[in-house]
Amino acid sequence: MRLCDRDIEQHLEEGKIVIEPRPDSSRISGVSVDVLLGNEFRVFQAHTAPYIDLSGPKEEVSAAIDRVMSDEIYIKDSEVFILHPGELALAVTHESVTLPDNIVGWLDGRSSLARLGLMVHVTAHRIDPGWSGRIVLEFYNGGRLPLALRPGMVIGALNFETMSGSAARPYNKRTNAKYKSQQGAVASRIDQD
């Protein structure tokens, strides 16, 4: 069952869901909590690898990812990150989110931003039960104009569902969890599959 605003506020108050820094009530509406854009970004460096063979040997996949991903880029609150049409970039939410093992979260983009061509998650919008960390955003500009993204802007909304029971293998207990406790714009770790 999806949590309504009153349930979200109660779960935050009781510490069942933790969002740091805690959002004020103006950012909680209906069935969601607005999340803000953080300061860390990563971009793909052009022409540094001819392709990435996703089913190739792990060492080769890892080396190719290292070649194409930039180091983390820090954008000050007063600055903007420009996402050009057709570009993919990684960013991170300002908030860190911790979920118990019986709640799953979902990240949705904002309709107003989507109408300008901005996708905030390419496909990965589920936040697993047991998750703890900041949420990586997979930005894609499908529009025709460059978009200026400013740290601190409302970038998406989280909503939460209670599950039929507690997960037997929540994210924080899995030994193979690749992004456990992530705090920055972590690049793909597909080579660890």
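Placement of Cβ uses the backbone N, Cα and C atoms for every residue, glycine included.
Residues or ranges marked as active site, proton donor/acceptor in Swiss-Prot (evidence: sequence analysis): Glu138. If you look up Swiss-Prot, you'll see Arg110, Ser111, Ser112, Leu113, Ala114, Arg115, Asp128, Val136, Leu137, Glu138, Tyr171, Lys178, Gln182 marked as dCTP binding site, on the strength of sequence analysis.
Sequence features, as recorded in Swiss-Prot, placed on the structure.
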| residue | record | DSSP class |
| --- | --- | --- |
| Arg110 | dCTP binding site | coil |
| Asp128 | dCTP binding site | coil |
| Leu137 | dCTP binding site | strand |
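When the recorded positions Ala114, Glu138 are scored by other C-beta atoms within 10 Å, Glu138 scores highest. Residue environment of Ser112 (dCTP binding site) contains 9 other Cβ atoms, counted within 10 Å of its Cβ in all protein chains. Here the binding-site residues are Arg110, Asp128, Leu137, and the one with the most other Cβ atoms within 10 Å of its Cβ is Leu137.
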